[in-house]
């Protein structure tokens with residue numbers, strides 16, 4: 001039986017020998033206000049290679065403005081609910097509708113276009129559903145993807161949400177639970193108290209020390225086998 005890691009390395013080498021461009025993807029997955037965007041921007045400035053930042057917000061804010069208003073959004077975009085659970089904390093949850101699902105699928109296809117043209121991408125994400133995760137696994141088949149978990153403490157996440165002023169209470173809490181529910185990571189970072197430039201350096205060092213990421217392979221075995 002062929003070792004999947006060796007087979008994957010061979011594909012990368014054959015692509016390089018053929019002169020084919022090979023874009024790489026770093027996927028930062030975590031809840032709202034976990035610090036993913038700040039981390040991505042700091043990483044861009046630190047890295048010697050060019051990394052394009054294509055975050056989820058770029059596509060989220062491309063939706064019609066009315067559909068970003070929780071009081072007016074139509075169910076074909078998404079529905080949402082908020083509840084105080086047994087822990088006494090408020091949890092906010094988004095349930096994507098078909099239009100939001102299609103927008104996120106299109107986002108993954110757009111990122112894939114960059115990779116296929118030899119451009120590296122760092123993308124911050126909130127993987128709200130298992131379906132989004134499975135879609136990413138399919139779209140990025142054959143690509144080198146570093147899956148990075150980005151975490152923040154509940155207290156600090158709530159403080160950041162309040163400071164932003166445009167988030168429903170419990171948004172960070174609920175989105176973090178959804179994002180990490182099915183995920184596996186090549187490495188993880190906690191943004192609670194560490195300065196972003198230090199986290200960017202840690203991310204860059206971890207990326208360099210891990211030339212053949214395996215988290216996506218493990219996830220494919222779980223969900224696509």
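Glycine is treated like the rest: Cβ placed from N, Cα and C.
Cβ neighbours of residue 34 (ATP binding site) (same chain, under 8 Å, six or more residues apart in sequence): 150, 151, 152, 157, 172, 176, 191. DSSP assigns residue 34 (ATP binding site) to coil in the three-state reduction, placing it in neither a helix nor a strand. Marked as ATP binding site by Swiss-Prot on the basis of sequence analysis: 30, 31, 32, 33, 34, 35, 36, 37.
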Among 30, 31, 35, which are binding-site residues, the residue with the most C-beta atoms within 10 angstroms of its C-beta: 30
Sequence-distant neighbours of residue 37 (ATP binding site) in its chain (C-beta under 8 A, six or more apart): 55, 57, 124
Neighbour tally for residue 33 (ATP binding site), based on other Cβ positions within 10 Å of its Cβ: 23
Neighbour tally for residue 32 (ATP binding site), based on other Cβ positions within 10 Å of its Cβ: 24
